[in-house]
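Novice: Sharing a structure with you now.
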Amino acid sequence: MYTLRFVRENENLMREALRKRQYDESIVDQLLAVDEQRRKEVTSLQELNTRRNELTSVVSKKKKDGTDASQEIELLKKLKEEVSVKETIVSELESKIQEILKQLPNIPHESVPTGKDSSENVEVRRWGEPRTFAFEPKPHWEIGENMNILDFQRAAKISGSRFVAYQGLGALLELTLINFMVWTHVKDHGYTFVIPPYLVKSDTAFGTGHLPKFKDEMYYCPEDDLYLIPTAELPMVAYHSGEVLVEAELPKRYVAYSACFRREAGAAGRDTRGLIRRHQFNKVELIKITKPEDSYNELESMVSDAESILQLLELPYRVVLLCTGDMGFAAAKTYDIEVWMPSYGRYVEISSCSNTEGFQARRANVRMRRPDGSNDYPHMLNGSGLAVGRTLAAIMENYQREDGTFDIPQALRAFMFA
């Protein structure tokens, strides 16, 4: 989140960022117009307070001298009412300014390509070769249902559409993948494992940038003012909220497992079948808190950490740099990792890794203390390491046999039966 002062001093930069992101830059005009009105009202309020103070002195002097001050007292009463009204106006304008500031997205990093949507994202690299099948590859949901390891019908009976029940080998594989991912990130990459709460307060969701923009995409418990998390990013960004971290403690690297809950309103097409787009799914999330000067190197290593899971599982994938029009609200730069899905005939997103720079740190009030004693905002990074259900779907499709079953990757097999 940016301050009013920052927008005033960097108006052209903010306008350019909004244009690149396909946002309406008139929001800046609206903000500056409200600010101009606020400043006029503040000046008027200051003048009223000056007159009130002067009149108070006159009343005090007349009372001390024993002279009649009734006329001044009546004027003072009216002035106090005017001041009260003016203070309310100023307060309402300040609240309006804050609401507008909350709607401003992060400014894209200079290395992010300008584009209007996903069609203008830039492929960075590929790993592995998609397998050539001697038969028509089946979609993972058919494989799962035929093997009786994914049950969509009973899940729908229990909860409605776009839920799944894992059973038997399916449940065992889902759990094994979670453990495999977490253990790899802890043992090989130096992350600290956290299992966070799955329900968060409004302030927590605001810190990541999910509120107010994405309110309608989250499940909400109004009696408790708690949201079911769409990703462990929410509780983990808030993990150090209100704290001042010592620079020497950075970077902090966390790997968090959680169930995730998303309304997915408006989702349609092939992705709504199977495990790709569920209302509830499991995900392993990577979070970093870094010094500003180190954050882009840390972003590259985070992407590499997420890639390593796919490499160990020998799943073909590609890395894509998102353009300005396709990035998330809080991101300054984002890489997507997309895994090859044979039945789709294309790559499908399985991880998104972003540097939010100081944007989330400011919203969540996470600060760092430099060696000279000054305070700064650290940079916060997040990424999937990986989406578990999508990883299982990719295994089922890429390792499928002609008889409708599938092999288990060697790395996972050794881990599974350890």
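We number each residue from 1, going along the chain as drawn.
Every residue, even glycine, has its Cβ placed from backbone N, Cα and C.
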Novice: Quick one: which of Glu174, Glu285, Glu338, Glu349 does Swiss-Prot put in the L-serine site with Thr231, Ala232, Glu233, Ser384?
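Specialist: Same L-serine site in Swiss-Prot: Glu285.
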Novice: Can you tell me which binding-site residues out of Thr231, Ala232, Glu233, Glu285, Ser384 are within 10 A of Ile350 (ATP binding site) by Cα, answering none if there aren't any?
Specialist: Ser384
Novice: When the number of other CB atoms within 10 A of each residue's CB is tallied over all shown chains, which of the binding-site residues Thr231, Ser384 has the maximum?
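Specialist: Highest number of other Cβ atoms within 10 Å: Ser384.
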Novice: Near Glu285 (L-serine binding site), which residues of its chain come within a Cβ-Cβ distance under 8 Å, counting only those 6 or more away in sequence?
Specialist: Thr231, Ala232, Glu233, Met236, Val255, Ala256, Tyr257, Ser258, Asn382, Gly383, Ser384, Gly385
Novice: In the same chain, outside Thr231, Ala232, Glu233, Glu285, Ser384, whose C-beta lies within 8 angstroms of the Cβ mean position for the L-serine site?
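Specialist: For the L-serine site the neighbour list reads Leu234, Met236, Ala256, Ser258, Cys260, Lys283, Val284, Leu286, Ile287, Asn382, Gly383.
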